[in-house]
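Asker: Sharing a structure with you now.
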């Protein structure tokens, strides 16, 4: 069975058992009345069952309802169908004040019907020939308004300075100021030029998201013909069907696939209603993507440390034990489905590097947009500062130093022999984003 954990807030006077049973019925075989065609099938075989209810500690009138769905209710290899069944209709139910899907357990038999990520972590490292450290990225800013030529120039400067990747912002598609084909050409030129200068393999996440699947394919095919290593997709606004199609294309044609989660906070930000990001992350691993944005813990965007690390492990690891302290409601066995690199992005800079290296470990992409392009000396020195800070943190960690305790000291030491890093340290020494996380257990 597929198991689901729902956070249920019933209307006043509705017992939790009734609310849990209503959720199970409405998201499987039930409807609002008895119908004569019920007799033509075996409802016992196909109906969802609410098998356990827990009160949520510290919350009045909130319960965790555990529901089991028989596998026969779902089309093989279709995230679209799985989510349509489980969360498609039930969230508008009048008997509920609010409803949130906290977690899913996907059984191995169903996992095996999915291709998953086009390549996965190990294959990506082999393609890039980069091992033993997190990868570095940068979102090109301003996100909108640059011409293709100036955009390509910014890409070149960042890659030349030492970054592994640069990135289209999620809303860069094909607007009047920069059509997609021009952007692809200038970015490809920047990639090959920086590769020739540095001797390292470089990439730029070319956003293939488009208004139709046919147009999306056209952009992905053009990227492959240019010989670039990676494309990008906005998987929630683009849709799971389009994403799975693109992931299959990427595996067949040797392209890596970077996933942006634009619109996720509309779905997952409210604590008592919607769907937790760990469900979106599991759905993405099944649908297919080699990178996905997963919060930073320390930057400008939402994310509590233990919860963030819980779903980061769900993205990367092969087997994850149930651990309610990290928000993991079920043990998940991915039966060798390739892993996804977590991308930390949003309001981070060189002073965050020790914390990011410690929190996310090697299998991650650390993306500094303003933290690269905001350097007072320009884009390339900004990239140099980030690369030096990262290499210093990785070396210190490998020598056995505690990044959580000695992080600032490690950055200060490195800045003595890197003027670019010293300048970056001076610019961002006072920047803080001290807000409490909304998403707590």
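For all residues, glycine too, the Cβ spot is worked out from N, Cα and C.
What Swiss-Prot lists as substrate binding site is 89, 139, 143, 261, 293, 345. Per Swiss-Prot, the feature active site, proton acceptor maps to 141, 260; the stated evidence is sequence analysis. Per Swiss-Prot, the feature Mg(2+) binding site maps to 167, 169, 170. What Swiss-Prot records for 167 is N6-carboxylysine. Feature annotation from Swiss-Prot assigns site 'Transition state stabilizer' to 300; the stated evidence is sequence analysis.
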Asker: If one measures from the C-alpha of residue 139 (substrate binding site) to the C-alpha of residue 169 (Mg(2+) binding site), what distance in angstrom results, rounded to a whole number?
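Answerer: Answer for this pair: 6 Å between alpha carbons.
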Asker: Run through 89, 293, 345 for me and report the binding-site residues whose CA is within 10 Å of the CA of residue 170 (Mg(2+) binding site), in sequence order.
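Answerer: Among 89, 293, 345, not one has a Cα sitting within 10 Å of that of residue 170 (Mg(2+) binding site).
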Asker: Could you name the residues, excluding 167, 169, 170, of the same chain that surround the Mg(2+) site, i.e. Cβ within 8 Å of the Cβ centre of those residues, in sequence order?
Answerer: 139, 140, 143, 168, 171, 172, 205, 207, 232, 260
Asker: Around residue 169 (Mg(2+) binding site), how many other CB atoms lie within 10 A of its CB?
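Answerer: Cβ-Cβ neighbours of residue 169 (Mg(2+) binding site) within 10 Å number 18.
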Asker: Show me the subset of 89, 141, 143, 169 whose Cα is within 10 Å of residue 260 (active site, proton acceptor); these are the recorded positions I mean.
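Answerer: Qualifying among 89, 141, 143, 169: 169.
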Asker: Can you tell me how far the Cα of residue 293 (substrate binding site) sits from the Cα of residue 169 (Mg(2+) binding site), in Å?
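Answerer: Here the two Cα atoms are 12 Å apart.
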Asker: When the Cα-Cα distance from residue 89 (substrate binding site) is computed for each of the recorded positions 141, 167, 169, which gives the smallest value?
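Answerer: Its closest listed neighbour, by Cα, is 169.
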Asker: Among the recorded positions 141, 293, point out the residue whose Cβ has the most other Cβ atoms within 10 Å, with all shown protein chains included in the count.
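Answerer: Selected residue: 293.
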Asker: Quick check for you: of the recorded positions 141, 143, 261, 345, which have their Cα within 10 Å of the Cα of residue 169 (Mg(2+) binding site)?
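Answerer: So far as Cα distances go, the recorded positions lying within 10 Å of residue 169 (Mg(2+) binding site) are 141, 143.
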Asker: What's the most sparsely packed of the binding-site residues 89, 139, counting other C-beta atoms within 10 A?
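Answerer: Comparing Cβ neighbour counts within 10 Å for the binding-site residues 89, 139 gives 89.
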Asker: Just how spread out is the substrate site if you go by the largest Cα to Cα distance in Å among 89, 139, 143, 261, 293, 345?
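Answerer: The two farthest binding residues have Cα atoms 36 Å apart.
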Asker: Please name which of the binding-site residues listed here, 167, 261, 345, is nearest in space to residue 141 (active site, proton acceptor), Cα against Cα.
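Answerer: The answer is 167.
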Asker: What is the interatomic distance between the Cα atoms of residue 167 (Mg(2+) binding site) and residue 143 (substrate binding site), given in whole Å?
Answerer: 10
